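Engineer: Structure in structure tokens, see below.
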Amino acid sequence: MDWRAVMAIFIVVVVYLVAGGLVFRALEQPFESRQKNTIASEKADFLREHVCVTELELEKLIQHAVDADNAGVSPIGNSSNSSSHWDLGGAFFFAGTVITTIGYGKMAPSTVGGKVFCILYALFGIPLFGFLLAGIGDQLGTIFGKGIARVEKVFRNKQVSQTKIRVISTIVFILAGCIVFVTIPAFIFKYIEGWTALESIYFVVVTLTTVGFGDFVAGGNADIKYMEWYKPLVWFWILVGLAYFAAVLSMIGDWLRVLSKKTQEEVGEIKAHAAEWKANVTAEFRETRRRLSVEIHDKLQRAATIRSMERRRLGLDQRAHSLDMLSPEKRSVFATLETGRFKASSQESINNRPNNLRLKGSDKLNKHGQGASEDNIINKFGSSAKMTKRKNKDLKKTMPEDMHKIYETFRNYSLDEEKKEEEKEKMCNSKNTSNTAVLTSCIQQHSDLENGVIPNEAKEREHKNKVLL
């Protein structure tokens with residue numbers, strides 16, 4: 001047992017004792033005060049009526065009477081004719097009160113030898129009686145168990161719940177035990193000892209609970225001639241009654257253990273349900289979080305798709321605006337280039353469009369034999385590039401931040417590509433412009449960049465063209 005539980009029980013016991021002390025004081029203290037006043041008044045009246053008797057002589061007489069009463073001899077009446085408390089029956093009864101730990105106090109050894117023997121006798125007799133009491137209690141418990149089983153069988157046929165059967169059978173056997181060991185002996189003591197019904201029940205309960213105050217003792221009335229077997233019979237009644245109470249207490253202990261076990265099982269089931277509920281809640285929470293993450297991911301994907309479509313639409317708008325700014329002759333050239341193999345992607349930056357137009361336009365003109373040089377193509381579309389850059393500046397002011405970052409990335413890439421193209425154009429212009437193979441190589445390089453061919457392949461192709469020349 002935990003020390004906290006022990007302290008709690010200790011506090012409860014102390015509170016119970018204090019409450020009992022207060023009640024007993026309220027009930028018994030007035031009677032004690034009246035008795036003190038009565039004995040003082042009786043002594044004063046006796047001394048006033050008997051002048052020849054001094055107060056000291058009266059006190060000695062009273063002391064002798066008290067000592068005789070403590071020794072088991074009643075000072076009332078002719079004590080020489082009363083039966084002895086230490087005959088065989090009385091001594092047997094006293095020995096029984098010692099080993100049963102009742103200890104009425106009405107009878108007690110007065111000699112030194114009797115006191116020493118009582119100590120040794122109690123040390124060995126109390127454990128021996130404990131074993132006997134346990135054996136009898138087990139037998140009575142077995143009898144009670146069989147009887148309870150029969151009662152349960154009777155009620156089970158009537159389709160009564162197990163709990164009600166157990167409660168009813170317990171009440172029946174407790175009432176039967178009380179009748180056999182409490183009620184019937186109380187009536188017997190009332191008849192033999194001359195006590196009232198309350199005093200008889202009081203003696204029975206005080207005896208069977210081993211309290212044994214000693215104010216009432218069976219066979220202690222000096223005016224009654226008891227039979228020799230009376231006191232030994234009373235002791236056997238005490239033995240069986242104590243065994244009965246021990247069996248009842250053992251039965252209550254078993255029920256408490258069963259109840260505790262059931263309580264532990266119920267607590268275990270509650271814990272299991274709590275764990276299962278926690279697991280379900282955790283799983284549901286994880287599933288909800290997963291669904292939310294999937295929904296958020298889908299929304300982000302949709303947003304990215306919408307942004308891509310917006311960027312594509314923006315590129316198309318820019319291209320359409322650029323076409324509107326061109327002359328009819330330039331539009332026809334641009335449309336011819338679009339239908340050819342030099343088709344541009346919708347996501348291509350508008351900054352690359354003038355350069356593509358330069359190369360495609362020059363290639364188209366060379367194919368038709370119009371004799372226009374690359375410089376004429378650049379001058380022809382220069383105004384379109386300027387208008388496109390001006391439009392890009394206007395669009396950048398109203399463009400969102402994320403799209404602006406993407407636009408800057410493509411713009412930087414386009415500027416780098418323009419620089420490379422300008423360097424290559426200068427190299428091509430420095431050579432013989434009439435050399436169609438070199439011009440074809442330059443146009444092929446631009447077409448490779450337009451169609452996504454890697455620079456290494458373009459260099460290899462340029463090298464092959466030089467070898468052919």
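Glycine too: its Cβ is placed from the backbone N, Cα and C atoms.
According to TrEMBL, the protein carries these features:
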- 6-27: transmembrane segment (TRANSMEM)
- 82-139: domain 'Potassium channel' (DOMAIN)
- 88-107: transmembrane segment (TRANSMEM)
- 119-144: transmembrane segment (TRANSMEM)
- 165-189: transmembrane segment (TRANSMEM)
- 178-257: domain 'Potassium channel' (DOMAIN)
- 201-222: transmembrane segment (TRANSMEM)
- 234-256: transmembrane segment (TRANSMEM)
- 345-397: region 'Disordered' (REGION)
- 345-355: compositional bias 'Polar residues' (COMPBIAS)
Engineer: Hey, would you say the transmembrane segment (165-189) packs against the transmembrane segment (88-107), going by three or more CB pairs under 8 A that are 6+ residues apart?
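Structural biologist: Stretch pair does not touch.
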Engineer: For the transmembrane segment (234-256), name the stretch out of 6-27, 88-107, 119-144, 201-222 with the most CB-CB pairs under 8 Å.
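Structural biologist: Ranking 6-27, 88-107, 119-144, 201-222 by Cβ pairs under 8 Å to the transmembrane segment (234-256) puts 119-144 first.
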Engineer: Please compute the mean pLDDT of the model over the domain 'Potassium channel' (82-139).
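Structural biologist: In the predicted model, the domain 'Potassium channel' (82-139) has a mean pLDDT of 83.
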